[in-house]
Amino acid sequence: MFNNSSKILFITIMIIGTLITVTSNSWLGAWMGLEINLLSFIPLLSDNNNLMSTEASLKYFLTQVLASTVLLFSSILLMLKNNMNNEINESFTSMIIMSALLLKSGAAPFHFWFPNMMEGLTWMNALMLMTWQKIAPLMLISYLNIKYLLLISVILSVIIGAIGGLNQTSLRKLMAFSSINHLGWMLSSLMISESIWLIYFFFYSFLSFVLTFMFNIFKLFHLNQLFSWFVNSKILKFTLFMNFLSLGGLPPFLGFLPKWLVIQQLTLCNQYFMLTLMMVSTLITLFFYLRICYSAFMMNYFENNWIMKMNMNSINYNMYMIMTFFSIFGLFLISLFYFMF
């Protein structure tokens, strides 16, 4: 990934851009941080050897610029209202800001650019898009208090994230729809408290990293590659699909813990309708993860006659195994610590 110094420079500027947004105390400052973040992320996306990534970077640029323009326009409207005493409805401008931020983060109903763009990225860029690029817009959404728009977005995100992933064979699109579904959960946790959102975000980032780390090493981009690749290492195959189930949020694994917290807090807030929809949609995502796992575990697919060479060095293998251990047994360990202390 870090094959030259310019990449390190752009990643540093990207991190600084997000930090500017998170720490700014005005909408203009937040907008500026988002722009710095955008302009440093685009060179990371575009790759000279790959036309798809250039196309993806252009798509990303256009959608983010549209969102930034709307954000800047609405923050100017807010400024006019505060300084010039203009008769502008504040909830209206806040709604415009919210929709611009939802477009930036790729939440439904503004999600259409996200899966198409993911298809053209390398795994490390996709990971950055799914995790780091969500921080700034979500932090800004937490400053706004428009429950009904957020509610609509949460419901649409979880439903679209569940149904969109049903017939996907591309792993990147599968991860993209999974990300939209998780984004719905994150937005619902933002409605309750920021600390629960941070916990959810941390666990989601960790589980996404474990999967993309593996996909990146073996250059896996489609489901049929998963089935025929790990013929001579059944442990790797088993752990990989366990991580899939953990990301889906199956109870004994670590991925269930943040969902558990959100479910508990939503029941305390009497948000039963939204909670039911979210849980049903998660069941749908678990259905297609389990379907993939069944086809892998029950061996009803063709294995290649030749043996693929596993080019995974011992450091990567050990690192992956440690992360997988936490991904599978994390919930048990955290429960033990909780009851012991």
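Glycine too: its Cβ is placed from the backbone N, Cα and C atoms.
Residues annotated as transmembrane segment in TrEMBL: 7-28 (among others). Taking Cβ pairs closer than 8 Å, the transmembrane segment (7-28) reaches residues 1, 34-41, 43-44, 71-72, 74-75, 78-79, 97, 128, 132, 135-136, 139-140 in its own chain, all 6 or more past its ends.
Residues or ranges marked as domain 'NADH:quinone oxidoreductase/Mrp antiporter transmembrane' by TrEMBL: 24-285.
The transmembrane segment annotation in TrEMBL covers 60-80 (among others). For the transmembrane segment (60-80), same-chain residues at least 6 beyond its ends with a Cβ under 8 Å from one of its own Cβ atoms are 26-28, 30-31, 34-35, 38, 41-42, 45, 86, 88, 90, 93, 96-97, 99-101, 103-104, 113, 117.
A Cβ distance under 8 Å defines the sequence-distant neighbours of the transmembrane segment (92-114), meaning residues of its chain 6+ beyond its ends; these are 27, 34, 59-60, 63-64, 66-68, 70-71, 73-75, 77-78, 81, 133-134, 136-138, 140-141, 144-146, 149-150, 152-153, 156-157, 159-161, 176, 179-180, 183-184, 187. According to TrEMBL, the feature transmembrane segment maps to 92-114 (among others).
Residues or ranges marked as transmembrane segment in TrEMBL: 120-141 (among others).
What TrEMBL records for 148-166 (among others) is transmembrane segment.
Taken from TrEMBL, the feature transmembrane segment applies to 196-218 (among others). Beyond the transmembrane segment (196-218), the same-chain residues lying 6 or more positions past its ends with a Cβ under 8 Å from any Cβ of the stretch are 122-124, 126-127, 130-131, 134-135, 138, 142, 171, 175, 179, 182, 185-186, 189-190, 225, 229, 236, 240, 243-244, 246-247, 254-255, 257-259, 261-262, 265, 311-312, 316, 319-320, 323-324, 326-327.
For the transmembrane segment (238-260), the residues of the chain that approach it from at least six positions outside its boundaries are 178, 185, 189, 196, 199-200, 203-204, 206-208, 210-211, 214, 226, 230, 282, 285-286, 289-290, 292-293, 296-297, 320-321, 324, 326-332, 334, judged by C-beta separation under 8 angstroms. Feature annotation from TrEMBL assigns transmembrane segment to 238-260 (among others).
Residues annotated as transmembrane segment in TrEMBL: 272-297 (among others). Non-local neighbours of the transmembrane segment (272-297) in the same chain are 151, 154-155, 158-159, 161-163, 165-166, 168, 178, 181, 184-185, 188, 223, 226-227, 237-238, 241, 244-245, 247-250, 259, 262-263, 266; each lies 6+ residues outside the stretch with a CB under 8 Å from one of its CB atoms.
Taken from TrEMBL, the feature domain 'NADH dehydrogenase subunit 2 C-terminal' applies to 286-338.
Feature annotation from TrEMBL assigns transmembrane segment to 317-340 (among others). Residues 206-207, 209-210, 213-214, 239, 242-243, 246, 251-257 of the same chain lie 6+ residues outside the transmembrane segment (317-340) yet bring a C-beta within less than 8 angstroms of a C-beta in it.
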